[in-house]
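Participant: As listed in TrEMBL for this protein:
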DOMAIN    27-268  domain 'Rhodopsin'
REGION    351-377  region 'Disordered'
TRANSMEM  6-31  transmembrane segment
TRANSMEM  43-66  transmembrane segment
TRANSMEM  86-108  transmembrane segment
TRANSMEM  120-142  transmembrane segment
TRANSMEM  172-193  transmembrane segment
TRANSMEM  205-224  transmembrane segment
TRANSMEM  244-263  transmembrane segment
Amino acid sequence: MRMDSYGPSILATTILFLVLGVLVVSLRYYTRVVIRNTIGHDDFLILLSLGLYIVMASLLFVGVQRGIGQHKKEMKTGDIVESSKYVWFTVLIYINAVTAVKASYATCLLRLTEASPCAYALWTGLSINVILCFIASFYLIFNCRPISYAWRQGDSSVDGYCNYDSADALGYAWAGLSLALYLLFTLIPVALVWNMQMHIKTKTFVVTVLGLGLFAGVACAVRIGVYAVDLDYTDPLYSISPMLIWSVVEAGLGIVASCIATLRPLLRHYNIQGLEEIELEGEDGHGEGGQGHFQPAYKMSTVSQILSKFTGHGAHTVTVIHQGSEATIPANGQIKERKTYNISTLQRTSADMQHEREMQGVAGKVPEPDDVNTGGW
């Protein structure tokens, strides 16, 4: 293989993200199946994404050996045809792989939105995602007559026709709408978190974890920039290689980003630090000891509250009674307000449990979180 070739770069990038993809998806399934004993639609979608990515990587491995990344003048006609076929199938698989990645990520976000404008926006984005995939796949498959002419046009002995008049427009539309969807799926966590009573550092952390998909959007933007600048139809197998590399990066980053936020239960299971419990601030924004500070008997983790649904925690609940600004278990006749929280987001202190024991005769025992078999979505 000559030095003036993109082949080594294609192989290195593909192998890197293949290893990362298999690793994070395996950890995700270990977390969901073994630790949480639950699995959701988003898990099947990300597994589909990984399967398509593996097919895509296999096509590139073989295609590079046949000539992808090399100059046309250095290749035989038979190798040009074979390499072009692998490029064609790679692009088709890429379209469906990134569609499945975005669908998986959006399905995860739907855990947090329930019935809200954000949920409607996500469903709209999912619909656009599927429609866009169908249009792009249909165009790629039926753009040339016969279909095989898409990769056999380098052979002068083969007759056929391809309509490339709208190819550039469709390529830009695909990239623009894909980038818009990545931005949508990044901004929705911001909208969900921004008005919550939590420290700015906590907001930044939650938004960063849930918005990692934006990196795949950046790769998509770079990809279309490369397409606009570098593509040369007189030397297609060489000039299309940077776009193939960024396609691999986009799909790989999408898989990794979609899985990272689901691994929190795994980190906690093995006591890996970094997701400490953080109390909610007071309603007026004062810190501890400030006027109006919210002092719950159950210390709620803000990060846990947001990420628990995303990571597939169960829906079992425990009721906490509020009196004034304090959350406690009051005597009969003093109940002012009832609020129900996800039990997986509550952590009791020793003082809280002592208070419970003292109040059992009045309000009854609140069940221990460890005694509840929390399921998942």
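Cβ atoms here come from the backbone N, Cα and C positions, even for glycine.
No curator has checked TrEMBL annotations; they are predicted automatically.
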Participant: Residues sitting near the transmembrane segment (120-142): Cβ under 8 Å, six or more positions beyond its termini, same chain?
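Facilitator: Contacts of the transmembrane segment (120-142) (Cβ under 8 Å, skipping residues fewer than 6 from its ends): 88, 91-92, 95-96, 99, 102-103, 106-107, 109-110, 113, 150, 166, 170, 174, 177-178, 181, 184-185, 188.
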Participant: Give me the mean pLDDT over the domain 'Rhodopsin' (27-268), rounded to a whole number.
Facilitator: 87
Participant: Count the CB pairs under 8 A between the transmembrane segment (43-66) and each of 6-31, 172-193, 205-224, 244-263, then give me the winner.
Facilitator: 6-31
Participant: Excluding the flanking five residues on each side, which residues at least 6 beyond the ends of the transmembrane segment (205-224) place their CB within less than 8 Å of a CB in that stretch?
Facilitator: 98, 101-102, 105, 109, 171-172, 175-176, 178-179, 181-183, 185-187, 189-190, 193, 198, 243, 246-247, 249-251, 253-254, 256-258, 260-261, 302-303, 306-307, 310
